[in-house]
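Novice: Would you mind keeping the following structure in view while I ask a few things?
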Amino acid sequence: RCSVDNRVTRVAWLDRSSILYAGNDKWCLDPRVVLLANTKTQYSIQIQDVDVYDEGPYTCSVQTDNHPKTSRVHLIVQVSPKITEISSDISINEGGNVSLTCIATGRPDPTITWRHISPKAVGFISEDEYLEITGITREQSGEYECSASNDVSAPVVQRVKVTVNYPPYISDAKSTGVPVGQKGILMCEASAVPSADFQWYKDDKRLAEGQKGLKVENKAFFSRLTFFNVSEQDYGNYTCVASNRLGNTNASMILYG
């Protein structure tokens, strides 16, 4: 807007390099620039669908009986943040190094932060485009969220999934006492990424699925060995072996009377 009074005889709006309007006459070819008002008190133009290239100085030039006058206004164009590049989901072995990148644009330049989406995580782990994790542990697996904010609009967020692979670790394997003729169960629990494959051995002999009177159930985090009708011959030492491509581990337990 440009305020004028009755002493003004001629008016014009200019940008950095050219005349936009002179009085009611449009001098620029841009259809987004329109004349809003040319009255005894106000001479105003409108720029529709503003772009970053519209940023810069605009000059209202008026001619009075005495001399020309100009007033200048600077248009600052703000742009909401936008994440233009972010790392892909990653799978890495425990102990390896991880580099995550999150690039965002906006005006003013957005602030970028990284945080670990985890119940144990507190606050930001990086206030930068880059997140470096050295010697990653299994507890550091999960989703990492990049947030870009510049107060023009709500922050934009995107997530990257980090999978940490590690060899099996047997967390629970207990010996069990069962009377002859009863049902008996031996359990073997193991955490591993990728999930462990389980095998059972009695002494040095591998137990096969479907063996008479036995059932082996393998799930992602445990294996269950069921005896439907325990006999004296079933008593003894059993070994559970959990393995994945990173290694294997075993635990022994006893089925006793």
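Placement of Cβ uses the backbone N, Cα and C atoms for every residue, glycine included.
I grabbed these lines from TrEMBL:
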- 1-71: domain 'Ig-like' (DOMAIN)
- 81-163: domain 'Ig-like' (DOMAIN)
- 167-256: domain 'Ig-like' (DOMAIN)
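Walk me through where these features lie, including what they touch and how far apart they are.
Specialist: When averaged over the domain 'Ig-like' (81-163), pLDDT in the model lands at 94.
The residues of the domain 'Ig-like' (167-256), classed with DSSP into helix (H, G, I), strand (E, B) and coil, number 3 helix, 57 strand, 30 coil.
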